[in-house]
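K.L.:
Pasting in a structure now, in structure tokens, and then I'll have a few things to ask.
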Amino acid sequence: MPNKKISVLLVDDSAVVRQVLVAILNDTPDIHVMGAATDPIFAMAKLAQEWPDVIVLDVEMPRMDGITFLKKIMSERPTPVVICSSLTQKGAETSLQALSAGAVEIITKPTTGLKNFLIDSAAELVAAVRAAANSNVKNLGKRMAPPVLAPASKLTADAILPAASGHAMAQTTERIVAIGTSTGGTQALEAVLTALPRVCPGMVIVQHMPEKFTASFAERLNGLSQIEVPEARNNDRILPGLALIAPGGKHMMVTRSGASYYVQVIDGPLVNRHRPSVDVLFRSVAKFAGKNATGIIMTGMGDDGARGLKEMLDAGSSTVAQDEASCVVFGMPKEAIKLNAAQRIMPLQEIHQAILHR
């Protein structure tokens, strides 16, 4: 008997966008669009008849906005939701509110050129729906108690990293922490960073997220945390009490000058179908920081970061993978564990301790 298809409900007030998304999803063998609604009011009528596995939701609609609808869904019957947002500052801020309210993924809707969207973003949409269908939504609403303190060929990070020029340098007192995450990571990072005191090692973080969204994400985390959390800029120095978020649409690598660590924010091809890529970050940390670093891989779909975490371990770094029970999607940590890349497997509520204590 064939596996059951992932049933999807689309909610978007644009008839053209609905048509494009339906065409993409129904052309995918393991996905079926069970309905499409122009706004949340019509969506609720459809939900009264049939409940989908995944909801793809616009956040800016008439009659009832997507955030209000999302909160209603999560309070009544938690369901994986993929946010389909415009690539604007307003769209980014609203989408981050949606992630905080329980959405699991963000995709950007076409602004111009639907043909290009069909070519460039079809795989992104399909991957987001599959990730949502595999997510553990009950972990999205969890919060830790306050602490006592485009489809392209799947390139590896070799396409970005400079050629090897020697072993990682060890004669420095600075310690850095590299974190990589994807689906469910916005909530997980909030839980970890808000548990940290002002005095802690410098951090570099890759969260898979569209361009223009990471600035709003960093600003939000900065307002919630005791530490400083900016979006990274090229040549920023990694300092204690600072967590640099890789910009969407760019790769971020760690480099070193003397006893200090810096980031390089660069263009480049998709790596493991992502930009920024966790592997690009982790493998650069392995090269330039070695035993002075800790690598942490958290909730997310796919295998981005698994190889890089193994390289960090082999270079002398301490390494951590989030455990299955606390992940929204146990994909990236699972692949790292398969490679024997993780020295420790930890629940989300303990990961901040791995940052504070090697």
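Cβ from N, Cα, C; glycine included.
This is the feature table in Swiss-Prot:
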type	residues	note
ACT_SITE	Ser182	active site
ACT_SITE	His208	active site
ACT_SITE	Asp304	active site
DOMAIN	7-124	domain 'Response regulatory'
DOMAIN	170-358	domain 'CheB-type methylesterase'
MOD_RES	Asp58	4-aspartylphosphate
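Can you tell me where each of these features sits in the structure?
P.N.:
In the three-state DSSP classification, Ser182 (active site) falls within coil.
Secondary structure at His208 (active site), as computed by DSSP, is coil.
Sequence-distant contacts (6 or more apart, same chain, Cβ under 8 Å) of Asp304 (active site) comprise Gly180, Ser182, His208, Val271, Asn272, Arg273, His274, Ser277, Val278, Asp279, Met332. In three-state terms derived from DSSP, Asp304 (active site) belongs to neither a helical nor a strand segment and is classed as coil.
Taking Cβ-Cβ distances under 8 Å and a sequence separation of 6 or more, the neighbours of Asp58 (4-aspartylphosphate) in its chain are Val11, Asp12, Asp13, Ser14, Val17, Gly66, Ile83, Cys84, Ser85, Lys109.
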K.L.:
Can you tell me how the residues of the domain 'Response regulatory' (7-124) break down into helix, strand and coil by DSSP?
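P.N.:
Reading the DSSP string over the domain 'Response regulatory' (7-124) gives 54 helix, 26 strand, 38 coil.
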